[in-house]
Amino acid sequence: MDEITNGLDSSTAFQIVTCLQQLVHITDATVLVSLLQPAPETFDIFDDLILMSEGKIVYHGPRDHVLIFFEDCGFRCPERKGVAEFVQEVISRKDQAQYWNQMEVPYSYVSVDMFSRKFKESPYGKKLDEELSETYDKSQSNQDAFSFSAYSLSKWELFRICASREYLLMKRNSFIYIFKTTQLVITACITMTVFLWTRMDIDILHANYYMGSLFYALIILLVDAIPELSMTIQRLEVFYKQKTFCFYPAWAYAIPASILKVPISFVESLVWTCLTYYVIGYSPEAERFFRQFILLFAVHLSSLSMFRFLASVFQTNNASMTAGSFAILIVLVFSGFIITQSSMPVWLKWGFWVSPITYGEMGLSLNEFLAPRWQKMLSTNTTIGQEILESRGLNFDGYLYWISLGALFGFIIVFNIGYVLALTFLKSPGSSRAVISHEKLSQIQGSEDSRDGSCLEKKSGNSPAQNSIEPNKGRMVLPFTPLTVVFQDVQYYVDIPLEMREKGFTNKKLQILSDITVEESVIFSAWLRLSPQIDSKTKAEFVNEVLETIELDGIKDALVGVPGINGLSNEQRKRLTIAVELVSNPSIIFMDEPTTGLDARAAAIVMRAVKNVADTGRTIVCTIHQPSIDIFEAFDELILLKSGGHVIYSGSLGQHSACVIEYFESIPAVPKIRNNYNPATWMLEVTSISAEAELGVDFAQKYRDSVLYEKNMELVRQLSSPPLGSTDLYFPTRFSQNGWGQLKSCLWKQHLAYWRSPAYNLMRIMHTLVTALIFGVLYWDEGKKLNNQQNLFNIFGSMYVAVLFLGINNCSTVLPYVATERTIMYREIFAGMYSSWAYSLAQVIVEIPYLFIETAIFVTISYPMIGYYGSAYKVFWYFYTIFCSLLYYNYLGMLLVSLTPNFMVAAILSSAFYTTFNLFAGFLIPKPQIPKWWIWMYYLTPTSWSLNGMLTSQYGDINKKILVFGETKTVVAFLEDYFGFHHDQLAIVAVVLIAFPIVFASLFSYFIGQLKFQRR
C-alpha cells in the first residue's frame, strides 16, 4: 500500500492503520505500507521497518530496534522527536549533524553507502542474510500460494471483465458520444441542404458536385474520429500502471476497446447515410443505399482504429495531435480527389494505394457513378459516369467496390493489431526531473570537475539555511505594516474579498507555468504585485531575499516543470508557492495544507521556510494535516474546529503544547496524554465525534462557557477597534501595475514559456516544414501546367488542403496549451496580478512571430517547388493569405478554450468548426452553386476568403485558354463563372482576411475574462 494516509488528519490516519493491524492479526497476512509523515503512535503500530535511500537499504529489521542501530552509528534521537522523522533526517546531509552523539569524536558526514555497509555488518543485517540464505522448503507451502500464470483469471474472464469495464466507461462518457452524434446530425442537415437534389442535374458539371459531396462524407467520418486520440491518451497512464501490476494483458484491454466501438461507427454512419442519401439525390436503388452505408461504416471504424493506434504509439497529446494531423493530411491528399492519381509523380503513386480514404473514395464513386442513371452516352462515345470517373482517375470495374470494402476491413485489422502490439511492447512515457534552465546547465558543466567531498562540504557550509538566512533573520529589504488578524464567528467557508493586497494566500496545489524557472516565477509575481514606485534594483534585491528566506536560491535556475512528470519536487513546489505570495510583501499570509503529500523531512523543510517568513514579523495562518510534534509546536496559537464548523479551542499552544494539554485535561473524563505522544493526534482523538458521544461532552459548548472564550472575546473587541492615528487600507487601483506594465510582464513570461516549449512550438514548425515538402514533391512544377479544368482543380486542391490542414494543426495543438494556461491565469488574476485582457493580449501577441516563421517556411519551400508565378505581387499574396489563415485558426482555438470548461469539450467543438470551414470553403461546392439560404455561411467562413485570395491572386489575371467540361474558356472566365472569384475584388478579400483574426482574438479576450470554469 502506497501512501494511504495522504491528506488525512493524524487521528484518521491512526484509525486506518489500526484497522490494518487488526486485519493482519486476524488473517495472519503480511502488509507492506509506505507512509508520509507518520505520527509516532501510527509508526509504533508496525512490527518491522524498511528504510531506503538512493536505492539502497539502510535498515531492515524490528521497528523498535532502529534507534539502537543508529546509536551504534553515533546518532541519537532527541526526546519529543518522532522516530520516523529522525530516521529520515539522520540520513540527510543537511540534517544529520544535529543528531551526532559521540562528542569525543569529531563529526563527519556518514553517507548512505556507509550506513548500508554498517547495516550489513550489524546483527540485524547478518540475521537477515541468514534467513534469506536458507533453502525454502516448498512442501511446507499451501498449494494456493503457487501461481503458474502472471494473471489470476482465465483469458476469457480477463476479456469479459475488461469488456464490462469498457462498456461502463462508455456509459459514463455517454455525453461525449451523444454530443458527437448530435453534431453529426446537425452537420448532415446542413450538408444535405447545401447539396440539395433539386439543384442537381445528371450531367458532367453536377457530377463534379456529387463527387464533392461523397468526398465530404469521407472527411466528416474521418474527422469525427479525432476525439478518439485524446480519449485514448487520457486512459494510457492508468492502463500502464494496471498492466505493470499484472491486472490484465494488453490484448484484454485493447480488443474490447476496439469491439465496443463498432456500434458507435454503425450508428454514426447510419445516421449520416439516412439523412443525406436521398435528400442529396444519390442513385435511388436500395442496394446502393446499403452499399454506401456499409462503406461509410468501414471508413469510420478504420478512422477510429487509426487514431487509437496513433495515440498508443505517440502517447502524449501534443505528439499525437501532430501525428493525427499528418495522418489526415496524407490519407486525404493521396485519396485521388484533391489531386488525381495520374497527376501524382510516378514514384509517389504508391501513396494512392496505401490510403484508407482512397478505398472509401473509390467504393463510393463506383457505387454511385456506375448506377443506371449515369449511363447516358456523351458525344465522346462514353457515358457520363465513365467520363467523371475517368477525369478523377477512378475509372475501375464495379467489382473494385468489394475489394475497396475488403481493403478497409483489412486496415481495421492492421490498425488494431498495431494498437495491441504498441500497448504490449511500448513503455509508458518516462518521467524525468532533469529539467533545468540554460544558466543552471552552464553552472553544472562548469563544476563537473570538482565533485569531491571537500567541495560538497564547502557547498554545505554556504547553504542558504546557515549563511543566508541567519544573518538576515527578521530583516527584509521592503518595509511592511504588521497587521493583526481577528477571527470571529468562524465557519468552514470564508468568502474571500477581491482586495488581497495586504494578504497572501498559498494554495496546496501549485499552479505556475511549467516552462519558466523558480527565479522567473518570483520575479513575475514581484513585477506585478509590488508598487510601481519601487525601483527595479530594490525589487531585484527583494526577490533575492525572498529566495534566500524560502531557501530556494540554490535551485533558482531550475525550471518549474510539470507536477509528477518533471521539474521541481513536491516540497520545492510548496516552497515556491510561498515565495510567489511572499514577494508581494503581505502582512498576513494564509496557507492551505502546505505539508500535504510530503514526507516528514520534506514537510520539515517547508515548515522551516514558513518559520523564516514568520521571523520577519508577518502573521501566518495555516491549515495542516498530520503534523509531527516538531511541526505542531512550531506554531504560536491554535484554532481547533470540530465537525459542523464550531470552535472548540482558540488560544496559545504553550511550551511543549502545555496550554492545549492543560485546557483539555481540565475537562472531566478526558484521558491524560501519554509521554512523548503527539499532542496534535491526542487532541483530535479526545475531541472526535465518537469521543464526545462516549464522554457526553459538547466541546464547543465547553469552550463557549470557558474563561478562555471570554478572554478571546475581549481581545477581539479590543483588536477590532482601530488604534488612534491609524488609517483604513486604501488602494487607488485594483492592480499594482498599470495596463502597460501588466502587458509587458505577461508578454515577458509568455515569451520565455513559448521559447522553452519545443513540444508545442517545434512540433508545429516541423509539421509545417514536412507539409511544405510533401506539397512541393506531390505538386512538383504543376503551378503553370494549365490545360483543362482538372489542372486547376488539382492546384486549387493544394491550396485547399494547405489552408485547412495547416490551420487545423495549429488550432488543435493550441487547445491543450491555452487550456493549461487558463488554470494558471485564474490563480494569478485572483491574486491581483493582472487583468484578464493583459493576459489575453499577451497570449495573442506571442503567437505572431511563431506563426510568421511557419508561414515563411511553408511559402519558401512550397511556392517554388509547385512552380507558381514568380512575381513579387503573387508571392506576397500567397504569404499574406497563409499568414492570416494561421492567425485566425490559432485564435479560433483560443476562443473555443475560453468558451468551454475543458480541453475535451473544446476539441469536440472544434471539429464542428473544421467541418463547416471545409464545406463552405468553396472547393467541394463553389460559391455560385451554394443555395441562397446558405450563402451567408459562405461569407462567414474564413477559409472561403483564404482560397479566394490565393487562387484569384495567382490566376485571376491569366488569360490563357483551357478546356473546361468540353468548352474552351480563359482561366479568368473560368474562375469567374465556376468559382465566382473576381480579381478586382482582392482589396476586399485582404481586409476581410485580417478582420477574422482580429475578431477571434477580441472575442477570446472578452470571454476569457467573463466566463469562469474554475472549480474550487
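Just so you know, glycine gets a Cβ as well, placed from its N, Cα and C.
These numbers come from a predicted model, not from an experiment.
Pulled from TrEMBL:
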TRANSMEM  175-197  transmembrane segment
TRANSMEM  209-229  transmembrane segment
TRANSMEM  250-280  transmembrane segment
TRANSMEM  292-311  transmembrane segment
TRANSMEM  323-344  transmembrane segment
DOMAIN    389-669  domain 'ABC transporter'
TRANSMEM  399-426  transmembrane segment
REGION    445-473  region 'Disordered'
COMPBIAS  448-460  compositional bias 'Basic and acidic residues'
COMPBIAS  461-470  compositional bias 'Polar residues'
TRANSMEM  759-780  transmembrane segment
TRANSMEM  792-812  transmembrane segment
TRANSMEM  848-869  transmembrane segment
TRANSMEM  876-897  transmembrane segment
TRANSMEM  903-926  transmembrane segment
TRANSMEM  986-1008  transmembrane segment
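Cβ atoms under 8 Å from those of the transmembrane segment (250-280) belong to residues 155, 158-159, 162-163, 166-167, 170, 177, 180-181, 184-185, 188-189, 191-193, 195-197, 200, 210, 213, 217, 220-221, 224, 228, 239, 243, 289, 292-293, 296-297, 299-301, 304-305, 308, 416, 419-420, 423-424 of the same chain, restricted to positions at least 6 beyond its ends. Here the transmembrane segment (292-311) touches the transmembrane segment (399-426). Their Cβ atoms form 3 or more pairs under 8 Å, with each pair 6 or more residues apart. Away from its own ends, the transmembrane segment (876-897) comes close to residues 802-803, 806-808, 810-815, 818-819, 822, 840, 843-844, 847-848, 851-852, 854-856, 858-859, 863, 868, 903, 906, 909-910, 913, 942-943, 946, 949-950, 953-954, 986, 990, 993-994, 996-997, 1000-1001, 1003-1004, 1007-1008 of its chain (Cβ-Cβ under 8 Å, at least six residues beyond either end). Below 8 angstroms of C-beta separation, residues 316, 318-319, 322, 325-326, 329-330, 333, 339, 344-345, 348, 794-795, 798, 801-802, 805-806, 809-810, 813, 817, 850, 853-854, 857-858, 860-862, 865-867 of the same chain, each at least six residues beyond the ends of the transmembrane segment (759-780), sit close to that stretch. As a quick check, the transmembrane segment (175-197) and the transmembrane segment (848-869) miss the bar of 3 or more Cβ pairs under 8 A, pairs 6 or more apart, so the two do not touch. Tallying C-beta pairs under 8 angstroms between the transmembrane segment (792-812) and each of 209-229, 848-869, 903-926 places 903-926 first. Long-range neighbours of the transmembrane segment (848-869) within the same chain, counting only residues 6 or more positions beyond its ends whose Cβ lies under 8 Å from a Cβ of the stretch, are 754, 761, 764-765, 768-769, 771-773, 775-777, 779-785, 795, 798, 802, 806, 810, 875, 878-879, 882-883, 886-887, 890, 954. Note on the domain 'ABC transporter' (389-669): mean pLDDT across this stretch is 76. Counting only same-chain residues 6+ beyond the ends of the transmembrane segment (903-926), those with a CB under 8 A from a CB of the stretch are 176, 179-180, 183, 186-187, 190-191, 194-195, 209, 212-213, 215-216, 219-220, 223-224, 226-227, 230-231, 796-797, 800, 803-804, 807-808, 811-812, 815-816, 819, 892-893, 896-897, 934, 937-938, 940-944, 946-948, 978-980.
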